[in-house]
Amino acid sequence: MASHRCRVAAHHAVNARYRYLRLQAEADLASATPPGQFYQLRCPQTSTLQPFLLRPMSVYGTGPAAGTVEFLYAVAGAGTQALATLAEGQPMDIVGPLGRGFTLDARARRVLLVARGVGLATMAPLVGQAAQAGLAIDVLLSARSPADAMPHELLRGAQATVHAVFDSDGSSAVARVEPRLAALLAGGCDAVYTCGSERLALLLRRLLQPHPHIHAEVALEQRMACGMGVCLSCVRPFEQDGHVALQRVCREGPVFPLREMVGGWHG
Ligand SMILES: Cc1cc2nc3c(=O)[nH]c(=O)nc-3n(C[C@H](O)[C@H](O)[C@H](O)COP(=O)(O)OP(=O)(O)OC[C@H]3O[C@@H](n4cnc5c(N)ncnc54)[C@H](O)[C@@H]3O)c2cc1C
């Protein structure tokens with residue numbers, strides 16, 4: 001893990017809630033950052049916003065230049081509001097890459113990705129990797145409304161079958177998503193990956209019970225402070241071999257075996 005001084009190479013709004021940020025570092029970040037890993041971003045201080053903690057952000061993309069790393073983020077609280085003020089050309093410090101990323105099962109031929117909201121930023125590099133490996137890809141993309149869904153930002157030119165569901169028309173309700181996910185899991189899926197919704201992750205965990213052969217991983221967006229395993233603020237319980245094991249999301253995760261996830265945890 002290392003700290004990198006970067007330059008803001010591009011920074012613009014994607015829609016009303018999401019922004020795209022491309023940074024350029026001296027170091028080779030592209031080959032060092034597999035899908036699912038994240039960086040801690042030092043947000044700027046403004047006259048009204050003084051975010052103290054660094055903010056964790058998944059890597060949305062890397063390359064083609066060795067020092068290029070991309071992020072896609074929702075503007076929410078103080079840190080991301082301050083981040084949104086960064087102008088192109090300004091310096092910015094990031095720490096990472098951090099955590100454990102996704103494992104693309106080498107035997108998989110068809111994968112299912114389930115993303116909700118900004119969870120799609122975490123999934124986008126995995127879509128790219130799966131497409132490059134020639135896998136068939138199904139995506140269930142859940143969002144507040146069609147304007148928030150961003151299928152093009154998720155796929156970035158990769159071929160996949162996208163099943164979009166929305167809060168605005170009720171199609172994202174668990175009762176309506178359940179039969180669609182069950183059919184996708186039963187339709188020759190070898191591996192499933194999810195990020196962005198605890199509700200969807202727990203639904204998937206339940207639907208996976210009759211499919212023990214399907215590899216399943218979840219990327220968790222737990223609140224965290226240090227991001228490197230020291231402060232223990234992101235510890236949460238997991239179920240391992242019938243026992244409860246406490247793990248740090250920043251260090252042992254943020255990607256975990258989905259079947260080990262314990263629901264109802266709001267640490
Ligand atoms: C691994 C990971 C990847 C993520 N990837 C993305 C992404 O790609 N795009 C995206 O939009 N969002 C992502 N997030 C979420 C993103 O980090 C938060 O949306 C962001 O931190 C919100 O920051 P804020 O400054 O807008 O909100 P605020 O509410 O101002 O700050 C939230 C931040 O406060 C700190 N914090 C507050 N309370 C506590 C506490 N009790 N314990 C510890 N820390 C606390 C943390 O730094 C937290 O990140 C990710 C989160 C994680 C953990």
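Glycine too: its Cβ is placed from the backbone N, Cα and C atoms.
The domain 'FAD-binding FR-type' feature in TrEMBL is assigned to 1-104.
Residues within less than 8 Å, Cβ to Cβ, of PRO56 (FAD binding site) and separated from it by at least 6 positions along the same chain comprise PHE38, TYR39, GLN40, LEU41, LEU98, GLU221, MET224, GLY227, CYS250. Taken from TrEMBL, the feature FAD binding site applies to ARG55, PRO56, MET57, SER58, GLY79, THR80.
According to TrEMBL, the feature [2Fe-2S] cluster binding site maps to CYS226, CYS231, CYS234, CYS250. According to its DSSP assignment, CYS250 ([2Fe-2S] cluster binding site) is coil.
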Secondary structure of CYS231 ([2Fe-2S] cluster binding site) (DSSP, helix/strand/coil): coil
Distance, GLY79 (FAD binding site) to CYS226 ([2Fe-2S] cluster binding site) (CA atoms, angstrom): 14
CB-centroid shell, 8 A cutoff, FAD site ARG55, PRO56, MET57, SER58, GLY79, THR80, site residues removed: PHE38, GLN40, LEU41, PHE71, TYR73, LEU83
Sequence-ordered binding-site residues from ARG55, SER58, CYS231, CYS250 with Cβ under 6 Å of an atom of ligand 1: ARG55, SER58
